[in-house]
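Features as listed in TrEMBL:
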type	residues	note
TRANSMEM	12-31	transmembrane segment
TRANSMEM	52-72	transmembrane segment
TRANSMEM	99-120	transmembrane segment
TRANSMEM	132-151	transmembrane segment
TRANSMEM	163-188	transmembrane segment
TRANSMEM	209-228	transmembrane segment
TRANSMEM	240-263	transmembrane segment
TRANSMEM	369-387	transmembrane segment
TRANSMEM	427-444	transmembrane segment
TRANSMEM	516-539	transmembrane segment
Amino acid sequence: MAAEFALDHMYHWIYILAIIVSFLMAWGIGANDVANSFGTSVGSGAITMKQAVVIAWVFEFCGAFFMGGRVADTMKGGIVDPKIFLIPDGKFDKAGAALLMWGMFIAIAVAAVWIVLATFYGMPISTTHSIIGSFIGFSMVAKGANSVFWYKEDPTSDLKVGGFAAIVVSWVLTPLIAGMASVVLFTFTKIVILRPQNSERRTLIAMPIYYGLTAFIITFFIVYKGSARLKLSDIGNGKATWIAIVVAVGVASLAALIGIPLAKRRLANLEDRKQHKAEQKARDRALIAQVAGGGAKECDEEKGEQGCKAPASRVEEDGAGPLMTTWQRVKAWYLLVESKTISHDLEFTEHTLDLHSRAEMFDERSEELFSFLQVLTACAAAFAHGSNDTANAIGPLSAVQNIYQGDAVKFDAKKGKLTLPKLEVESWQLAMGGFALGLGFAVWGWRMVRNLGGAVTKMTPSRGFTAELCAAMTVVVASRFGMPISTTQTLVGATIGVGASDDWRNVDWWLFGQFVISWVVTILFAGFGTAAVFSFTVFSPSVQV
């Protein structure tokens, strides 16, 4: 801690509140952003919501811990230069530091509120754009419109575009690239693999190739991005490519030797597993109905309520109704809570079901094989998301902490002047963020899964795999060329592309239009909301008592 740059203890309460709202924002990111990554996997039936929650908790945290930065910029996105607050004239400005700390807190709070609201209404938004919009809002109020980089040349990008203009470009560029890629890949998959009579055999042959392609993309992303923890920071493009090729060949070989025999064994008892799953679901629903006062019933899902009957094992005493052990009651209450959160049914409207009826359907056994591939892409999506977007909640908190403790500014003896170093992100902050991500996804993730998992277009394992793989490819390519990117918008574009590859009428364009509007509103709400709260709290008249 640099005592000469530290703020007074009177600001300690801001730091405490920043921890709370950062947890809320991470919770919202889990419910919105993480759920976006798993929408196609759950919607297609490749994995259940419970399995998705476990995968998300594990791989999101691993991505944040191993690939996420242990250091962060004071203000993410390069939209606002924190020097105008901390060292405007080359000298430390204590009042400016306090103003920046307060502005950062307001930014986190407003961004968190917007993310939670958007999630409640099922709108997939960019959490990165939420926090950047908040930065723009309070910076304009505090330092004027010229404090924001609306447009600047970025030499690190092949587009040579930076600042706010890069965000506007990303609204069009990322969905378009991902959508075009998914149209091409899914059209190829349909013609070569899924439509022929021997589609099951063709899918088995293609599995190692697709496994290898997925492994190549994931490995190249990890190595190219360069984790300091894994000592990958100084590896060049050529070496990264060769490492990715070697890993891809290894994964493809394992898929051929081990994966295909396991897949054949899974197909052998496909019908038995489907029946067992349906029976287990009926038993769970009966237990929930019993504890909720609906009576213990076992139901045939195909016959609906008319197929319900009292269970054979029911025990009654003096006509008082079914008896339940303590364990059964505990399990029933857990299942009741789970049915409203983790295992919430993806209920669709008649309009959506009509949309689904237009989609081309393929052999069930071939689709089951694609569910293997989709599990891998789901894990990859969670890992990549954890490495990138956890910092949206934790980065601003780290900035508040470092400003308060005086570590946001240091004297560089070599340059002979004050500079802004990279900020240290503490392990407990990453742990808190990882826990909140998983909790948010577990509680409210179904809201987003419902939209990207079927509301906007029909989703099956082959479609879900294509969307996730093309979204991952787009992220890697965009990162390689320094292009602006939003993982949420990329996945939405890939999902739309998969649906449109069958027929443009297979896509709910009205819902997609709402998505696009929400991307624009994200910047506006976060910006104006933060500006309003910041103005009210900083510039309101005060009376000395």
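In case you wondered, yes, glycine gets a Cβ from its N, Cα and C as well.
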Long-range Cβ neighbours of the transmembrane segment (516-539) (under 8 Å; 6 or more residues past either end): 99, 102-103, 106-107, 109-111, 113-114, 118, 123-126, 129-138, 140-142, 167, 171, 486, 489
Stretch with greatest number of CB pairs under 8 Å, the transmembrane segment (132-151) reference, 12-31, 99-120, 369-387, 427-444 candidates: 99-120
Recorded stretch that, among 12-31, 99-120, 369-387, has the most CB pairs under 8 Å to the transmembrane segment (427-444): 12-31
Distal contacts, the transmembrane segment (99-120) - CB-CB under 8 A, six or more residues away: 7, 11, 14, 17-18, 21-22, 24-25, 27-29, 31-32, 35, 75, 82, 85-86, 127, 130-131, 133-135, 137-139, 142, 392-393, 396-397, 399-400, 403-404, 444, 447-448, 518, 522, 525-526, 529-530, 533-534, 537-538
